[in-house]
Amino acid sequence: MKIILANPRGFCAGVDRAISIVELALEIHGAPIYVRHEVVHNRFVVNGLRERGAVFVEELDEVPDGAIVIFSAHGVSQAVRQEAKRRNLKVFDATCPLVTKVHMQVARASRKGTKAILIGHEGHPEVQGTMGQYDNRDGGIFLVENVEDIAKLHLRDDDDLTFMTQTTLSIDDTADVIEALKQKYPNIQGPRKNDICYATTNRQQAVRDLAEQCDLVIVIGSKNSSNSNRLAELANRMGTPAKLLDDANDVDPAWLENVDIIGVTAGASAPEVLVQSVVSRLKELGVDTVEELTGCEENMFFEVPKELRINEAH
């Protein structure tokens, strides 16, 4: 049996930055550091930070007045920001800059009173934060998840209408939704290209390349990770069975029956240490060769907030 590793895989620049912000805040200010929502959607990462003194909460009312709080990579609504200010919380913002870019598009639409349509998954924290940038009662923001949702939209005129997307969606599904939007509202405005981020795009392309060559694709990522779920869906859609798992303990030997080539990739919030532990487990189960696909090189880097950078330099 052979493993082929996808490339690129695992951590993206936004996840790297978010984790660094929590680590540096702990190093400089000491525990506890409060984090609103899991800083990234990965159980291994979150548990590691929790052991070092990070306290993960879902709402700010769980954070004592004046404490340090970090906003997760998924971003937060304006209401959450205002509450943090009112409560005199010291905030470090780990929102991915590519999510912030979408927030700015929504805020611009809100200021102009332009109606906005967000393509995204209902209930996902990124979607909640992005929807929460719109506060103009004269306009409105509407969420669609799929082509079927567009039929339910009853907006009167499309001359003052714009769309944006969650950053971690399926490229293929999103293209279909955008096409349907443009058919229904020919004058709708939107970003020059969709808002799906470079890391999501690159990892989906890598899975395409992988699925063509493999009998099974293993995606390392947590069940609540949007981008990891999309990777597993993509492989399945291409006709290659895919399994989404948290770590090596989840590998089921039964999956490997009649399998010669196993593809392994990781979502943008899954660290390489988990990939290597899965590779080790698969070697125990009979894998004797490991190859790596050549893929596009990623050199994106996002700085941490200045206050954490100054201390880092010392």
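Positions of Cβ are set from backbone N, Cα and C atoms, glycine also.
In the record from Swiss-Prot, residues HIS41, HIS74, HIS124, SER225, SER226, ASN227 bind dimethylallyl diphosphate; the candidate from SER20, SER110, SER269 listed for the same site is SER269.
Checking the candidates CYS12, CYS214 against Swiss-Prot: the one annotated together with CYS96, CYS197 at the [4Fe-4S] cluster site is CYS12. If you take the C-beta of HIS74 (isopentenyl diphosphate binding site) and look for same-chain residues 6 or more apart in sequence within under 8 angstroms, you find HIS37, THR95, CYS96, VAL99, HIS124, PRO125, GLU126, GLY129. Relative to SER225 (isopentenyl diphosphate binding site), the binding-site residues CYS12, THR167, CYS197 all have Cα atoms farther than 10 Å away. What surrounds the (2E)-4-hydroxy-3-methylbut-2-enyl diphosphate site, by Cβ distance within 8 Å of the Cβ centroid and not counting HIS41, HIS74, HIS124, THR167, SER225, SER226, ASN227, SER269, is the set VAL40, ALA73, GLU126, THR168, ASN224, SER228, GLY267, ALA268 from the same chain. When the Cα of CYS197 ([4Fe-4S] cluster binding site) is compared against those of the binding-site residues HIS41, THR167, SER226, ASN227, SER269, the shortest separation belongs to THR167.
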